[in-house]
């Protein structure tokens, strides 16, 4: 599978994994290893080396070839997100930052105005900026223009498991973007991840669907296989849709010859 390029980094895996909601750090680490992912996102509050039970930085740092992408989850404004990004870079040493600004805890929809403000500043400061956004083609283009390394439109609401309810808007974003489009949030099943890749996404980010599965490691592996299958299918060339049936083995000439 071709490499995913984000900023100056390349990744052979196109599955990005979130690290929240797992029943234990051990379960999360097993899922990360099973998935083969090379990029995981971690909330700033989980960088806590003084309290081992809350710290994810240490265990994740032990996985060879894994890059950490801190996120600004919990930020309600651009100012808070920028502050969180600075702290995260100092603690992790990672140039990546996933900008998440969702001020309303009831629906967790990303704030487009505050997100744009934060991304403009962080990109200028040299971060590899990956914003979580509504499936808005205009916003996605504006974020690309200020220097974001990718755009991450939601498939549906965070943790909802409602799948690719924004598929038509995501398709427009893909057509108009010059940076990788990565579906983030709402995916429930590996088949939805496969569909996202088939439609043209460069990667998918999954968290809840893996974390709350009966067997997170097995589900992580299933998502990894689905992402690869979707990417390979797209490159192979999906057959066009037809409004009517098209016979695969026409028998007209054969039947005529036997009369």
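Backbone N, Cα and C atoms are what each Cβ position is placed from, and that goes for glycine too.
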Annotated companion of 185, 186, 207, 208 at the 1-deoxy-D-xylulose 5-phosphate site, Swiss-Prot, chosen from 159, 200, 230: 159
Other CB atoms, at most 10 A from the CB of residue 186 (1-deoxy-D-xylulose 5-phosphate binding site): 22
For the recorded positions 98, 159, the one whose C-beta sees the most other C-beta atoms within 10 angstroms: 98
Chain-mates of 159, 185, 186, 207, 208 with C-beta within 8 Å of site centroid, 1-deoxy-D-xylulose 5-phosphate: 18, 157, 158, 160, 161, 187, 206, 209
